[in-house]
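Reviewing the structure listed below.
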Amino acid sequence: MAKKIFVGVAWPYANGPLHAGHLAGVYLPADIFCRYHRIQGNPILMVSGSDAHGTPITVRAEKEGVSPADIAERFHREFQGYWASLGISFDHYTTTRSLTHQKTVGEIFSTLLDKGYLFQKEVEAYYDPIKKRFLPDRYIEGTCPRCGYERARGDQCEGCGTLLEPSQLLFPRSLLSGEPPVLRTTIHFFFDLPAFQDRLVAWVKENHHWRSNVYRFTLSFLAQGLQPRAITRDLEWGIPVPYPGYEQKRIYVWFEAVIGYLSATIEYAQKQGNPDGWKEWWQDPEVRSYYFIGKDNIPFHTIIWPAILLGVGALNLPYDVPASEYLVFGGAKASKSQGIGVTLPDLLRHFTPDEIRYGLAAVLPESSDTNFELDEFLRRHNEELVGIYGNLIHRTITFAHNYLGGQVPSFPGLDAGISEAIEKAFQEESCCLEAVRLRDGLRVALGLARLGNRYFEEKAPWKSARENPPAMKAALGNLLNLLQALKILWYPFLPHASQRLHELLGASGKVEETGWAFRPLEPHTPLGKPLLPFRKLEATQLG
């Protein structure tokens, strides 16, 4: 029976171009995982959207002298262009500015309020007396009280991932004036996280299949004891608070952004003409929900979002949160706000989608930080993608045209070794991708291509073409069928290349429609003309 899978992918702030760290840490892993399940025939829904609210957008808008809506819309369109170019296959990609999202957030706020999980509290908040404004979240920076990082933000420390309130920062300074702020009294709604402490601990301890970094971080966070967390801010940009007297305040972006997974599903169902269709993804206990995020977002997805879901009730909790570590550039974590890392527009200017996807899939930061180096990116591409996989495709198709009239030969059948290798590769890669061990899955696909090159050398069809034509036909028949298997095994990673190989092997339609299975080629099937599947890259590729 097919498994039904929901995939929520982190919502990027629409305040600037995304970088290679975003792609390697979140969007490419999610797409690989979803493409695997689609070709398996499993019903799957992959949603995300641009986070249009929060201080990162308003900070940039003020610097440019435009409205936050202008910034959010500009980068929302840019992000959609990335996904189309790179083959990131969202079923629905939306924005937190949608009316559906605003309505859903308001309903969840009201539900939690009615159930007693929200309460008002008077607090002291930082205020810039020069600019005459409160300073929420990223309008203030200072030193992290936990790790000493000197550029910690008012909502979270990028150095250690700790969630913060602005008042916890040491040596705070306003981003508007650069001066130390003063404390002033304001009132906000708080989410009663301590009410969910015991239930969250029990739930997390059941999830031994989580990545160790996610499991350990979450239990460590819970061991410190949860504290109530403010869910409103003194801002003009964002979702209005549906409560009298809060007209000048807005819903805290990280409370409403995670609700986007639900609102995006509701919006998707509406667009499909089935308004209640969202329920089959959120209320069926058999559905498994996966959330692809970076490690700085772990507490929002393993603590805050599950607490919201528990508070609302009758909604599925996450099954897995395969958070990635960081992609590192020159020893520093990729950071959009600090301008560290190669941007996606830069990558797309110089490389094809297949080149980008392979180069990053090979170094996915699944369990530890990984370094992005151009030399290594080029080496892997040239030695592995071109030298192993591309070489096997090109010389097999070329030989078939030179010696077989450009068609699949009729031959006795697959060698036992080739047949066993194909079967083993499908089993091993399937196990890897099911467990979200995507780099291991890529190694399996590359390993079968390596085997194909060894087989080519051992069988030496250039010799048997003269000395033993039936042996040459059998060798090329095995090699062409090996490519038939490889087009499936490589599909989650390189969908564009797999589609080209699919057509090169004489098939029509979409490769993903063939299913996750090896189906031998029909004898006499005409083959496409041999072309180099991948180009060799040079060190000058980035200019």
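Keep in mind that glycine also has a Cβ here, set from the backbone N, Cα and C atoms.
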Field: Listed range which TrEMBL flags as motif ''HIGH' region', given the options 12-22, 111-121, 243-253, 419-429
entry: 12-22
For C160 (Zn(2+) binding site), nearby residues of its own chain (Cβ under 8 Å, 6 or more apart in sequence): C144, R146, C147, Y149
- prompt: Near C157 (Zn(2+) binding site), which residues of its own chain have a C-beta under 8 A away, given they sit six or more steps off in sequence?
  reply: C144, R146, C147, Y149, L164
